[in-house]
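Chemist: The following block contains the structure, expressed as structure tokens.
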Amino acid sequence: MALISVDYEVFGKVQGVFFRKHTQAEGRQLGLVGWVRNTERGTVQGQVQGPAAAVRQLQQWLRDTGSPKSRIDRAEFRNEKKVATVQYEDFLIRK
């Protein structure tokens with residue numbers, strides 16, 4: 001099973017709408033690990049690691065779904081790479 005790591009940033013109305021909490025829940029449900037946080041410029045960013053198929057599902061969720069009250073303008077994904085093992089034990093919300 002190929003493991004990958006991807007950095008992401010989501011633009012739009014993604015702060016103050018429980019976006020981080022929903023991202024954490026979605027990531028955990030898919031069996032992924034990583035982190036998510038708000039940025040000072042009003043975006044949400046983070047890193048996700050896990051099986052490629054599950055990472056693709058979270059990428060689609062970040063691009064198209066998000067939290068119920070959010071409005072996603074766009075999602076950017078960078079630094080995708082294969083990893084031998086995941087670096088995190090859980091999917092965390094960082095302050």
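Positions of Cβ are set from backbone N, Cα and C atoms, glycine also.
Keep in mind the model is a prediction, meaning the values are calculated, not measured.
Sharing the features that TrEMBL gives for it:
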DOMAIN    5-95  domain 'Acylphosphatase-like'
ACT_SITE  Arg20  active site
ACT_SITE  Asn38  active site
Chemist: Sorted by position, what residues of the same chain at least six away from Arg20 (active site) have a C-beta under 8 A from it?
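Modeler: Set apart from Arg20 (active site) by at least 6 residues yet with Cβ under 8 Å, we have Val36, Arg37, Asn38, Val44, Ile93.
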Chemist: Taking all residues of the domain 'Acylphosphatase-like' (5-95) together, what is their mean pLDDT?
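Modeler: The average pLDDT of the model in the domain 'Acylphosphatase-like' (5-95) works out to 98.
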Chemist: Mind tallying the domain 'Acylphosphatase-like' (5-95) by DSSP state, helix then strand then coil?
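Modeler: Taking the domain 'Acylphosphatase-like' (5-95) as a whole: 24 helix, 39 strand, 28 coil.
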Chemist: Asn38 (active site) has how many other Cβ neighbours within 10 Å of its own Cβ?
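Modeler: Total other Cβ atoms inside 10 Å, all chains included: 18.
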